[in-house]
Amino acid sequence: MDNITWMASHTGWSDFILMGLFRQSKHPMANITWMANHTGWSDFILLGLFRQSKHPALLCVVIFVVFLMALSGNAVLILLIHCDAHLHTPMYFFISQLSLMDMAYISVTVPKMLLDQVMGVNKISAPECGMQMFFYVTLAGSEFFLLATMAYDRYVAICHPLRYPVLMNHRVCLFLSSGCWFLGSVDGFTFTPITMTFPFRGSREIHHFFCEVPAVLNLSCSDTSLYEIFMYLCCVLMLLIPVVIISSSYLLILLTIHGMNSAEGRKKAFATCSSHLTVVILFYGAAIYTYMLPSSYHTPEKDMMVSVFYTILTPVVNPLIYSLRNKDVMGALKKMLTVEPAFQKAME
């Protein structure tokens with residue numbers, strides 16, 4: 001009875017019940033591998049960013065400040081788009097979706113990393129690692145397709161302005177946005193289960209600050225070459241489709257802008273497109289390095305730096321790009337800041 005109590009308290013009731021089921025299985029070795037991968041007996045160890053830093057406390061504070069800036073910047077952008085009627089257009093609807101993804105994206109990795117540093121813990125259980133991997137891959141995939149959708153929206157707005165309200169009505173926007181989230185979740189449901197079912201080495205030290213797919217795969221003690229080829233092909237497809245949409249959209253946009261008579265119209269179109277292209281280059285460039293370059297180009301240190309760039313810095317930069325260079329957003333922000341004191345004065 002004491003053994004039962006100990007097992008229940010140290011593995012969790014779900015794992016304890018699964019152990020009972022495994023005793024009746026015909027494949028004991030497979031069960032041992034599954035238990036080692038999925039219970040708390042052998043947690044992963046995240047070596048993280050702070051291990052090699054000369055000033056880990058300062059780095060922790062900087063990342064925390066950046067995290068707060070990302071959350072507040074994207075939250076303010078979503079609030080402005082929701083509250084200002086002039087921003088109730090398809091373009092700003094997709095920008096609000098991008099901000100929502102960025103808030104979730106940075107929240108998947110940074111809070112766990114900071115909490116571990118403060119608590120002096122660097123372990124993560126296999127289920128937690130799998131959940132982190134799933135949400136990370138899902139959000140990254142969703143953002144790939146959302147950036148392509150935003151490029152298509154700009155193409156319709158600039159090249160077919162008269163048909164724009166019909167082609168990009170509210171129902172179409174909801175459908176496209178839902179499709180981006182769905183396709184991203186397909187990536188998560190595809191890569192996460194396969195990656196987490198590989199048998200891992202005894203050390204289980206992940207040379208990263210979160211459970212990124214390539215970093216976890218490096219721990220596998222079995223041949224992953226076939227899966228890596230499959231993952232590479234999926235990434236090529238996942239990147240190729242949005243890149244084709246973005247490239248063709250902006251090619252047609254440039255041709256349309258070239259034929260415009262109004263200098264003001266050309267300037268506004270260039271400003272809108274350049275903001276989006278900046279975000280595309282930042283996000284896609286980092287993704288291509290991580291998932292498409294050969295392993296000879298990779299080192300744990302380089303991978304972590306690139307991951308810091310597109311998991312921590314990009315969510316901070318995006319709202320700045322779409323707000324500071326956008327007169328409509330800045331106008332809505334000024335209106336909100338001026339209305340608030342006037343409202344308080346009227347209440348007094």
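Note that Cβ sites are derived from N, Cα and C of the backbone, with glycine treated the same way.
Relative to the membrane, Swiss-Prot puts LEU87 on the other side from PHE209. Within 10 Å of the Cβ of ASN218 (N-linked glycosylation site) there are 19 other Cβ atoms, across all protein chains.
Between the transmembrane segment (172-190) and the transmembrane segment (90-111), three or more CB pairs separated by 6 or more residues in sequence fall under 8 Å, so the two stretches touch.
A Cβ distance under 8 Å defines the sequence-distant neighbours of the transmembrane segment (228-251), meaning residues of its chain 6+ beyond its ends; these are 141, 144-145, 147-148, 151-152, 154-155, 187, 190-191, 213, 217, 273, 277, 280, 284, 287-288, 291-292. For the disulfide-bonded residues shown (CYS129, CYS221), fewest C-beta neighbours within 10 angstroms: CYS221.
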